[in-house]
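Q: I'd like to ask some things about the structure below.
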């Protein structure tokens, strides 16, 4: 009889660990029974067996009865090989989870038809979050355990084994007790993490406990020792039933079924938002796959699409504001960086802060363990390098263009009628600058005519070696006739290149090569403004759109059809849907003064930036009647411009002094004011000559043009909106964890990256790899390169990677099952004990790290512990349900019964179920205000909870081992 005597002051934990160690030591001294017919590691015996049976893949290591030294060597080889296989499974599971992340991120486009007939296109996620967590996510994290159970049964002539089922139960115990204990402890003191979707947690926790209760029922109550076909199939069919129940809880269908639901387009990423309310008079229709469907059709969108509740809409709005804030801060902090680089920096910060899926944390944990680096930092650094390299490539393309391009510096030129000549600049860019380039030019009439408005000009411009810019001039003819603005064209043509030029500068026709062409623009438009009229004043267009982030907007007021004299034109802003006074814009009013020959002035208005993602408000800018302010005394009389004037020093008009009319804003010295009156006009009528002069003067008076009132539409910032939209598209974790090509996968496989999980660095810059990173990389580089052959997640929307990865996991799991069984029989451990302790621990290590990272980084506890319960239920329904259904059907077809010994498994299941009730009860109690959440809390509460959960796991291992070796009676 095994006895344990320890001093009374030794802790309970130490007692348990010592007892387990003595138990395993005692096992080695038990005399092994001879190999039974069913195999070497017989489960019905109370002792382990040193006689190994042939595995599914691995043969028996002969001889069967080695010496003690050989036994230690064999056990070491099996153990190291098993650990190495666990590393391989972790890495291929990384690829598997990447494919799942890509698959569950797929979106579908739908069209919403509004009551007014307008349609809006938007996208929704195809996979419901809860459904994906219970199906693909759970399958991804538990694939080794599930496949081990199936492979063990199918590989041993459809007979029941201990390794697969015990691994599932042992893994469930490790997940429920050790992983949750770690998550509770790693949250910083004073902080808490709550489960957000508590309804889903209740459902999955209930199903998890029911799953193991059901195992006990079919093993010990319904048909003791026999698994019938209906029991196996029902176990499997509990899986979709569990998924449906969790989905119903997530969608709140059982209660909300009686509340009318309306759907509207959310402002964020085009998500569809569901909320309760009264039934509207008009129907909103939704079009899916080309068909328009009424939005209130019963259960239309439930389940087929992901409908986000109003809370999600609010979260999305906050996310947009947060993106805008991050972009502005980064722009101020890094003013020298390109916009693409700023987007990548913002992308890293947003990805670091957003809630992530279980798949992401699993991938992150595996890559940190194997020296593949922090996935977010690596992605940010890669994208930043791509942005810089693309910018450099574009610059190189321009600078290293082998073809010489010749073009005008600008496509439009303006000049006054009295300017004499207008200068046009021709640019040469690219190609070999040591060559000589020739280009012809020629003027062409538009509304202006050669000979009367401008001088016809043609010729050839020669760019000598090294020259990149030339200037040509065209003469402008002035007259005293009032005319509309006119234009003419100048064309470039016939570009040719020569490497040799004669002494006279003439092209040597024997050395012409076609390595030059015309660039854009190759035609220039020259507009001639008449200077014989005071001008017509107008805005460029009746409506203009401005971004709210413009700050100070500038609006041009054009002076066309003349530019003679000084003219004042008043302006003011008028409210529309946009409000002045600093709410949407600053009220502005004043006067513009056009000097003689000045043809354009600008009005400045300050626009207030509200940082709104969507905006459409209007106000108006209006110009008033223009006033001629400088004229001769005679012209003032002709135009009836009477009143006070001041003499303008140094100005003459046709030999006569020029006077400036006094306005309210002027404050001249009273003694300088001259009064011009029409007293002489009252005495005698105007002569015909004076009448003609008055008519001409009236024709030259400044007037308003077509657009005197400009409508200004303030919209959201185009650059800001496009940047945020681009950032939103980039903040898709599927883009981070997915791969696009085999080349990318192989580069990633042979690259060592820093494994520090430090997400506080806002720039996401990669650090140098540590010694541990290099060691883990070289230990796992074989697996990394091997699994780089798996199809990238880009193919078939992730399904190609999904299928190949699960096949590879199945193959490695078969090896793990054989290695674990051979390791156990080599040292005399039963399969059930080996599975509960070693295999369950090995398959759960990546999940442990993933949950630890999720607990510290996520805002909620769902990603760290919320999926543990669902995963445990899925393990039973898929792992045991599929395996036992296949075996039961096989034996039933042969007229036999599928026998399963209820002893060890039933005892472990019962023990786990009791402890699971305690675990869930403690977690729910921790939601009370004094602690505040399932994870974290005050240090004392954390230590007590974590210690309790670890103690439950040790007790589970201890009692399961005692029962397996018949030290206590099971079922």
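The backbone N, Cα and C atoms fix where each Cβ goes, glycine too.
These numbers come from a predicted model, not from an experiment.
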Q: Please indicate whether the topological domain of residue 99 in Swiss-Prot carries the same name as that of residue 899, placing both on the same side of the membrane.
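A: For residue 99 and residue 899, the topology recorded in Swiss-Prot gives opposite membrane sides.
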Q: Look through 157, 616 and state which residue has the annotation N-linked glycosylation site in Swiss-Prot.
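A: Matching 157, 616 against Swiss-Prot annotations yields 157.
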Q: Of 775-795, 943-963, which range does Swiss-Prot call transmembrane segment?
A: 943-963
Q: Swiss-Prot tags one of 41, 867 as N-linked glycosylation site; which one?
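A: 41, according to Swiss-Prot.
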Q: According to Swiss-Prot, which stretch among 739-759, 823-843 corresponds to the feature transmembrane segment?
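A: Range annotated as transmembrane segment by Swiss-Prot: 823-843.
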Q: When you scan the chain for residues with a C-beta under 8 Å from the topological domain 'Extracellular' (155-167), skipping those not six or more beyond its ends, what do you find?
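A: Contacts of the topological domain 'Extracellular' (155-167) (Cβ under 8 Å, skipping residues fewer than 6 from its ends): 38-39, 41, 43, 55-56, 145, 148-149, 227, 814, 817, 820-821, 830-836, 839-840, 843, 879-880, 883-884, 886-887, 890-891, 898-901, 904-905, 908.
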Q: From the Cα of residue 610 (Ca(2+) 6 binding site) across to the Cα of residue 157 (N-linked glycosylation site), what is the distance in angstrom?
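A: Cα of residue 157 (N-linked glycosylation site) to Cα of residue 610 (Ca(2+) 6 binding site) measures 71 Å after rounding.
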Q: Quick one: do the transmembrane segment (905-925) and the transmembrane segment (873-893) reach 3+ CB pairs under 8 Å, ignoring pairs fewer than 6 apart in sequence?
A: no
Q: State the count of C-beta atoms found within 10 angstroms of the C-beta of residue 157 (N-linked glycosylation site), not counting that atom itself.
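A: That number is 9.
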Q: How many of the residues that make up the topological domain 'Cytoplasmic' (189-201) does DSSP mark as helix, as strand and as coil?
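A: Tallied per class, the topological domain 'Cytoplasmic' (189-201) gives 4 helix, 3 strand, 6 coil.
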Q: Taking the transmembrane segment (943-963) as reference, which of 134-154, 799-819, 823-843 has the most Cβ pairs under 8 angstroms?
A: 823-843
Q: At 10 angstroms around each C-beta, which of the binding-site residues 584, 610 has the fewest other C-beta atoms nearby?
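A: Each of the binding-site residues 584, 610 was scored; lowest Cβ tally within 10 Å is 610.
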Q: Tally the residues of the repeat 'Alpha-1' (138-178) by DSSP class, grouping H, G and I as helix, E and B as strand, and everything else as coil.
A: 34 helix, 0 strand, 7 coil
Q: Find the member of 72-92, 168-188, 202-222, 799-819, 873-893 that has more C-beta pairs under 8 Å to the transmembrane segment (229-249) than any other listed stretch.
A: 873-893
Q: Just give the helix, strand and coil counts over the topological domain 'Extracellular' (894-904), going by DSSP.
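A: Residue counts for the topological domain 'Extracellular' (894-904) by secondary structure: 2 helix, 1 strand, 8 coil.
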Q: Below 8 Å between Cβ atoms, which of the listed ranges 168-188, 202-222, 873-893 makes the most pairs with the transmembrane segment (823-843)?
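A: When the Cβ pairs under 8 Å are tallied, 168-188 comes out ahead.
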